[in-house]
Every structure is written in C-alpha cells, then in structure tokens.
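Marked as compositional bias 'Polar residues' by TrEMBL: 9-18, 26-40. The feature compositional bias 'Basic and acidic residues' is assigned by TrEMBL to 60-72. The compositional bias 'Low complexity' annotation in TrEMBL covers 343-357. According to TrEMBL, the domain 'POTRA' annotation covers 133-203. Taken from TrEMBL, the feature domain 'Cell division protein FtsQ/DivIB C-terminal' covers 207-320. Taken from TrEMBL, the feature transmembrane segment covers 106-128.
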Amino acid sequence: MTITKKESNNPPENQQPKTPVDEQLTPWQKANLEYTQQRGQEPGWSPTVIEGPQADPEEVNEKETQEQKVDQEVDQEELGQRPEDAEPASFSERLPKVKYQRQSLLYRRMVTIILLLLVPLLAVIYYVSPLAKLSGVTVVGNQAVAATDIVKAADFQMDGALWPQYFSKGEELKQIKASNPRIKKVSLGIDHLNHFKIQVEEYQEIAVLAHDNTYSPILANGYTLSETMENPTEKLPILENFTKQATIINVLNAYQSLSEELQEAISQIKYTPTSSNKELLLLYMNDGNQVIVNISNMKSQMKYYAQVAKEMSEKGVIDMEVGIFSYPYEKEEATTGSDEETTTSSSVEGDGTTPEE
C-alpha cells in the first residue's frame, strides 16, 4: 500500500492570499497595510472604504482623452485658430468676416491717402492767405522810448512773409537795442496769429548830471544820456563836477548800496577831490545837513547818519572822511573867516618896510 503525500492547497506562510480588497488598494495603501501588519497594528483606515465597483481603465482613458481634446479646442478658439479636425466653415459663415476685414483695410488706406493730400493742401492755403503775412506790430513795456521809434528801428516789412521775418528776428532785435541806450532787454513774440509783439525793458533813471547849466539823465548802468533838460527830475540826486564815466559808475554803485531811506535823503552829490584824496564827496541832504565822505566807505559810514544827525542841535557838517564828527555851519564860517584874517595879516607884515634908524 502506497501512501502518497497529499499536496496542501494552502499558500506558504509568508505568502498571504490575495483578496479582492488587496486588488483595489493603491500601492501606498498596500505598503502601509503591510507595515502595520508587521508591527501587529491595525491600519488607521478601513480597506472597505475603497470597496466598490472598479472603474474600467479604458473608460477612464477615453474620458481623459475627451477632456484633453476639449481643452485643446478651447485654447485654439482663444488664439483665434480652428482645430485641425474641425470642419471648414462654409462660405456664408466666412463672408461677414471677410467683408469686415476688407472694409477696415479700405478705410485705413482711404484715411492715409486723405491725410497725405490734405496736409500739403492746407499748407498751401495758409501760405497764400493773409494769415501768413505780417499785419501789425505792437510794443509793450516801453516808458521813456516811443513805440514808433522802436518799430522804426526794427524795420519789419508789413504785409511781408510772417515766418521768415520771425526766424530772422535776431538782427532786428539788435537794431532795436542799439537804437536807444535806454533799452535794456527786448524780445519778440507772435500775437493774434499774424501780429508781432515787441516786449521791451528799459534802464531806469537813477540820477541826473549837472553841466553847463543843464541836466542830463543818468541810467542805472551808469550811461549818461546826451539829451538835456533845464530842470532836474524830482526825487533823483544831482551829480555835480563829474567828468569821468568810471567815477560816475563807482558813485552810483555806492549810492545804490544805501538803504532806500538814505537814497531819498540825498539831494545832491558833489565830487570834491583833493591832491591826497581822489574819492572825496560832499553830499547835500534834504534836511539841510552836509556830509563829507569817501566813495569807498559811503555804505559803511552813511548808516550812522540818522543817529549823528539826531544828536546835532543845529544844522551843520558831518565829516566822515576819517572817523565821524560834526560841527555847525557857524563854526565853519568862523573858522574860514579867521583863516582869511590870518592870511591877510601875514601878507601885510610881509610887505611892510622896516623902521628907519
């Protein structure tokens, strides 16, 4: 009797039979389940959660393909492209778009042609119209200089071409400035389409020069005008005994450095140089006093004038040549008279004869 060993249908110990649940697990779930079983623990999730009918892989792939196709069609529509497998649009569908594109292109071309023809036409019309010709000149800012003299010096051609005269204005402006020493600045602008407007700025008169019983205005730049007048301008100091332009300019610079109150207090400036001092001035004040001062220290010394004049009991002379001191006119006259008597006495004694022996 032969005894045969019956093969066991049980799987090996290290091999567990596969269950339907195992086939439904994901690789991560399988690895987690095996790890927890080795440690003798239960998984924190239930395998029954994933139980249910399995999705057919072919259906899943087909669904993904359809979604990709839809996304591709949407992207092509956003880019203005038609899908490759899309049926070509019919002529009736494409006709409105073609017509719109042709009309837009025709409109752009028509506008371009009109502009190219219109711009030269407008330019020609402008240059032959009165607007392109100079119709008038206006002068503003002038006070002592007559507007007619300025226009005459500019020598603009009325009814002549506007723009050529405007762009060559440099020479005309130089002529205006050279025509009258009173003019400090001059500029040219266009007003009312075809009018010139000449803007003028003049030098102000700051003093008058006395000479030959007449008076001539002195401008702020030190220039003495050749025009004369019999009476001096009010509120302007009178310069007397000046012959050199440089000296006049130095005196005016010193005068303008004074305060406005001091400038208004001076009525006359007389140049009284000596052999030892070429800068000596004698100022006649409106309050009746006289001031002896140097040109170079007029600003530093004259600021004390009001204080010194207030302390004087009577009108007189304030000497600021060296230091500052004052004395009344009576003392000056007495001193002058005493000097004359001394000089006369000395002369008599010098001419006298010696007594006879």
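Backbone N, Cα and C define each Cβ position, glycine as well.
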Let's see if you can do this one: DSSP helix, strand and coil counts over the domain 'Cell division protein FtsQ/DivIB C-terminal' (207-320), in that order.
30 helix, 37 strand, 47 coil
Please count the residues of the compositional bias 'Polar residues' (26-40) that DSSP assigns to helix (H, G, I), strand (E, B) and coil.
12 helix, 0 strand, 3 coil
For the domain 'POTRA' (133-203), residues assigned helix / strand / coil by DSSP:
25 helix, 24 strand, 22 coil
